[in-house]
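For reference, the structure discussed in these notes is given below.
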């Protein structure tokens, strides 16, 4: 709700500042339309319809519009896409559908496609069309930067507005209608495809208060229909549906047509034109309570943890500082015992420092991206902005990554600074890029629109090598130049022996327990995020996501500090890796949830789609592991430094 209000404010500001185009938020500038013959420089009559890639919930492979044999727009220039759109596989192209504002069109012919099944080329095109109908591929059309929606009734009298509509549908061999075939009782022929070759488009507009400006479009809805046009040159949009038998042979003719009507809508303003789509999204109503519930539980737990820690620690510190006599000093116990080993460098300090550098980069990137998203800059109206913002920030945040990695590596007593800088620059980004490149090869092989063009791949490598790597080197230079982090207590030369640990204070049980609490506060949001990625639903609850991000940081910190305290009391001083892995284990729960989501919620079929799902999931898991692990380490580092600086040590 909070984000939607911000979107309204942002859009209202954009609408109010009509002459001052410089003040528009990106993707939120209104366009005015007027009837033919009344055009002005600030008001046009032609309405263009753009087509985006086609995708399916049953396949991870999207295809661009031109991959199918639909009516094409001749000689029109396609709009340029930003980096985020290219990475997400969006391919926006002009379409042959063109309207004039407030001019009604009825059953207008677009083109007719003829397939001769005896010709291999035609048969291949028709088979691809059939396969896409079988997998329920969806069109995504855009008018005035708004998705053209198909609204229909779902259970409980609710109306769902889908920002896409299917190419067609299929009746199985046993006469069972699949997907959209349930909408029409005339779709009944067994083992037959029905193609939606006609659309009834309704465009709703709102007349601007200042009449001179014209009107603004507030919604575009359509209804897909199927007609077997007997006279393709002079269609009348009536009669039986356009069926294509699975065993069809000979000549198949498909005539594409459309009708368009315009309706004035006084109640919807331009600033709130996305509301009807967002409000109809499934699950959003039910989940508000669940999200609030999880936040309350997490806040309550945080309060409990903080209270126990403060009270127990306060007593410990007071008791340790009262021990003045030598006899008492002989009987030291608890976490004070390990003061001479607490800052002993960890094993594999190089790897830990590299992980911390990359984790810091991801942590700052996530915070800034979500902050901008909350302000409405990265709304669904501004396509690809979220991904573009994240990639650009990651590239520019090489300096903090290099600095943090160098600072901690130096404090761990490391001297191979060149290796440290190179690993920070290339290890984690290299793993992500290698995974991404393999996924891209699969997409290339499948001819999908999600395959990143070679030029974009070169551009990403250039951003990495020419901007991110030099910035990492600069950060590392300053990190190594500074004096090593001063610890409040000296480290003994001989390491202390760690006593036999009970089951609960052994490393593995603590690490497994540590990830449960942070995961508990994010899994509801995780459901929405996975839905937006794999089920192609819009994600817009950035306000809540930002709140959950803050809660996640607090929970990771407190769970790690609590377990760290118990281990120190059990005289186990190996806290560095354990703190990183305790909160980092949340990523393992994320992976388990992603596997559960794949088998229970998705209907993905095909080997390529399955490999792609798990390939991209592994990238997300790695990023999440570095992100949560870094939070845990910093929290524990701050805690250990704090408690040993206030206790008197001889």
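Note that Cβ sites are derived from N, Cα and C of the backbone, with glycine treated the same way.
Per TrEMBL, the feature signal peptide maps to 1-22.
Among the features that TrEMBL reports, transmembrane segment is placed at 288-310 (among others).
Under the heading transmembrane segment, TrEMBL lists 351-378 (among others).
According to TrEMBL, the feature transmembrane segment maps to 384-409 (among others). Only residues 6 or more beyond the boundaries of the transmembrane segment (384-409), in the same chain, are considered here, and those with a CB under 8 A from a CB of the stretch are 26-27, 81-88, 90, 349-350, 352-354, 356-358, 360-362, 364-365, 368-369, 372-373, 377-378, 417, 420-421, 423-425, 460, 463-464, 467-480, 482, 485.
The transmembrane segment annotation in TrEMBL covers 421-444 (among others). Counting residues 6+ beyond its ends, the transmembrane segment (421-444) has Cβ neighbours under 8 Å at 61, 89, 350-351, 353-355, 357-358, 398, 401-402, 405-406, 450-452, 457, 460-461, 464, 468-469, 472-473, 476, 608, 611-612, 615-616, 618-619, 622-623, 626 in the same chain.
Here the transmembrane segment (450-480) has Cβ contacts under 8 Å with residues 53, 60-62, 83, 86-89, 357, 391, 394-407, 410, 417, 420-421, 424-426, 429, 433, 437, 440, 443-444 of the same chain, all six or more residues outside its ends. According to TrEMBL, the feature transmembrane segment maps to 450-480 (among others).
Below 8 angstroms of C-beta separation, residues 57, 60, 283, 287, 290-291, 294-295, 297-298, 301, 541, 544-545, 548, 551-552, 555-556, 559-560, 563, 578, 581-590, 593-594, 597, 601-602, 604, 613, 616, 628, 632 of the same chain, each at least six residues beyond the ends of the transmembrane segment (511-534), sit close to that stretch. Look at TrEMBL and you will find 511-534 (among others) tagged as transmembrane segment.
Here TrEMBL flags 540-568 (among others) as transmembrane segment.
For the transmembrane segment (580-599), the residues of the chain that approach it from at least six positions outside its boundaries are 352, 355-356, 507, 510-512, 514-516, 518-519, 522-523, 526-527, 530, 534, 556-557, 559-560, 563-564, 610, 613-614, 617, 620-622, 624-626, 628-633, 635, judged by C-beta separation under 8 angstroms. Residues annotated as transmembrane segment in TrEMBL: 580-599 (among others).
When Cβ-Cβ distances below 8 Å are used as the criterion, the transmembrane segment (611-640) is approached by residues 60-61, 342-343, 352, 355-356, 358-360, 362-363, 366, 428, 431-432, 435-436, 438-439, 442-443, 514-515, 518, 533-534, 552-553, 556-561, 564-565, 568, 575-576, 579-584, 586-588, 590-591, 594, 598, 602, 604 of the same chain, each at least six residues removed from its ends. Annotation source TrEMBL lists transmembrane segment at 611-640 (among others).
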Exercise for review: For the transmembrane segment (540-568), find every same-chain residue at least 6 residues outside the stretch whose CB is under 8 Å from a CB in it, and list them.
Suggested key: 1-4, 6-7, 278, 284, 291, 295, 298-299, 301-302, 305-306, 308-309, 312-313, 334-335, 338, 342, 366-367, 370-371, 373-374, 378-380, 504-505, 510, 513-514, 517-518, 521-522, 525, 528-529, 575, 578-579, 582-583, 586, 628, 631-636, 639-640
